[in-house]
Amino acid sequence: MSWKDTAEPLLVRMPAVQRPEGHVPFKRKLTWTGGVLLLYFFLTNVKLFGLDIDASQQVFGRFSSILASGQGSIMQLGIGPIVTASIVLQLLGGADLLGLNTQDDPRDQILYQGLQKLLVLVMICLTGLPMVFAGGFLPADTAVANSLGIGTAGVQWLIFAQMFVGGVLILFMDEVISKWGVGSGIGLFIVAGVSQRLVGGLLTAPFLGNSEGIIYTWYLFITGERGTGPVLAADGLQTVLLQGELLGLFTTVLIFAVVVYAESVRVEIPLSNARVKGARGRFPVKLIYASVLPMILVRALQANIQFLGRILNAQLGSMPAFLGTYANGQPTGGLFYFLAPIQSRGDWMWWLEGTAQPVWQILTRVGIDLFVMLVGGAVFAVFWVETTDMGPEATAKQIHNSGMQIPGFRQNVGVIEKVLERYIPQVTVIGGALVGLLAVMANMLGTIGGVSGTGLLLTVSITYKLYEEIAEEQLMEMHPMMRQMFG
């Protein structure tokens, strides 16, 4: 008896959002999407009952925007468990250990979806329990424990229960948008979090109870309330570029432009319809073929490694120096320091006197981060293409089933697949590595609002794809016959 026969009774009974029986009108899709986004914003402002907020620590740091996490809220875990479960499934699927044919076998498709949800529930527990009980990241409020009479341990379990509910909610919110809305729930949650930080980086001011945004900082420069020194001198130029966030603004605009341009770069394979004379089309293989979503997997893997290091440091008191040394919850040496991604200019600009590490250690850390993002971006892009039916074989079947063929070639799935194999694997690797390079460079130069480079890349790419999907939906609303072509 295989593992599929053993696990099938459980996996097929995993709760799921019902698929629409027919076509969902575009306006209704927008309603579902907007409603789920409003619910997400609401839940990120629902604080965990029983949490000592003043003593709590930021768990994910700058990874929070990528993981759509709301610090100290019921959305504390964000999409982290979903992403981690996807990493595990992609690694198992890539090694062909699951034995699931998700392309042609409906039973295996149901088992895969059930296994994914089961893994998400496991990851919610594996991520949430250490936050509450092991690392001291989310301490219980003793006043609440005394008033309820359940002790500190009881309040800790209460905090974990709320986080568990939040993790399950975001899982099904993502599924609702995927089936009834526009775009991907995970992508929209990331866009929502990053957009908040971008707007905050522009508009915040001390009198609003926040730090200084770009507009307020330049108001101080222009009115003379804050001096810059001679702009042509080194100190003055540094003040304008760094404190005035001109460098961050330039990087943000540059990333927007590069991603939009990269999304438009493509190889177009001509197609024709064998049954309808004169009907022609093109299949685009974009430079960023796998999208930037696989980059979430790379950053989530790094976030989990850093999370593990902080837990070990909290539990052991002090780890062996070769593993890691910590100050204020951040690695300052050892293996975990070298594996920590570059998050800001202060992590590597040693000439600003903001780093305590020797130059060789800083450069080694930069090199490791660059290597991880380039190789990881390419590898996870390949996994993503294969597991989302975007590979040559699955795409060839889709083209063949739609009645299209490549002019000058026989109408055969194998022939179409061979043509696609000339482009898709190579473009996937190049695009994944390019996205990794852009993410590292954006982090090193800094962006508006302290948004991570990966978060900015994700936001731009997801927004661009959302625009394309909305245009496609509107086209299908105007021409219902197009629904069969788009699927």
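Keep in mind that glycine also has a Cβ here, set from the backbone N, Cα and C atoms.
Features reported for this protein in Swiss-Prot:
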- 1-20: topological domain 'Cytoplasmic' (TOPO_DOM)
- 21-47: transmembrane segment (TRANSMEM)
- 48-59: topological domain 'Extracellular' (TOPO_DOM)
- 60-88: transmembrane segment (TRANSMEM)
- 60-67: intramembrane segment (INTRAMEM)
- 68-79: intramembrane segment (INTRAMEM)
- 80-88: intramembrane segment (INTRAMEM)
- 89-110: topological domain 'Cytoplasmic' (TOPO_DOM)
- 111-135: transmembrane segment (TRANSMEM)
- 136-153: topological domain 'Extracellular' (TOPO_DOM)
- 154-178: transmembrane segment (TRANSMEM)
- 179-184: topological domain 'Cytoplasmic' (TOPO_DOM)
- 185-203: transmembrane segment (TRANSMEM)
- 204-244: topological domain 'Extracellular' (TOPO_DOM)
- 245-266: transmembrane segment (TRANSMEM)
- 267-291: topological domain 'Cytoplasmic' (TOPO_DOM)
- 292-313: transmembrane segment (TRANSMEM)
- 314-364: topological domain 'Extracellular' (TOPO_DOM)
- 365-384: transmembrane segment (TRANSMEM)
- 385-427: topological domain 'Cytoplasmic' (TOPO_DOM)
- 428-446: transmembrane segment (TRANSMEM)
- 447-451: topological domain 'Extracellular' (TOPO_DOM)
- 452-466: transmembrane segment (TRANSMEM)
- 467-487: topological domain 'Cytoplasmic' (TOPO_DOM)
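Sequence-distant contacts of the topological domain 'Extracellular' (48-59) (same chain, six or more residues past either end, CB-CB distance under 8 Å): 69, 71-74, 76, 131, 135-142, 144-145, 155-156, 158-159, 162-163, 307, 329. Taking Cβ pairs closer than 8 Å, the transmembrane segment (428-446) reaches residues 242, 245, 247-248, 250-251, 255, 258-259, 262, 286-290, 292, 294-295, 298-299, 341-345, 348, 366, 369-370, 373-382, 385, 452-454, 456-457 in its own chain, all 6 or more past its ends. The topological domain 'Extracellular' (204-244) scores a mean pLDDT of 72 in the predicted structure. Within the chain carrying the topological domain 'Extracellular' (136-153), a Cβ under 8 angstroms from the stretch's Cβ atoms is held by residues 48-52, 55-57, 59, 72, 76, 159, 310, 314, all 6 or more beyond its ends. For the transmembrane segment (452-466), the neighbouring stretch richest in Cβ pairs under 8 Å, chosen from 154-178, 185-203, 292-313, is 185-203. For the transmembrane segment (21-47), the residues of the chain that approach it from at least six positions outside its boundaries are 53, 68, 70, 72-75, 166, 169-170, 173, 176-177, 180-183, 185, 188-189, 192, 473-474, 476-477, 480, 483, judged by C-beta separation under 8 angstroms. With a threshold of 8 Å between CB atoms, the same-chain residues lying at least 6 positions outside the transmembrane segment (292-313) that come near it are 59-60, 63, 66-67, 79-80, 83-84, 86-87, 90, 127, 130, 134-135, 137, 184, 186-187, 190, 259, 319, 323-324, 326, 329, 331, 336, 339-341, 372-373, 376-377, 380-381, 383-384, 432, 435-436, 439, 452, 454, 457-458, 461-462. Note on the topological domain 'Cytoplasmic' (179-184): residues 17-20, 24, 26, 28-30, 32-33, 36, 293, 462, 465-466, 469-470, 473 of its chain, located 6 or more positions outside it, place their CB under 8 angstroms from a CB of the stretch.
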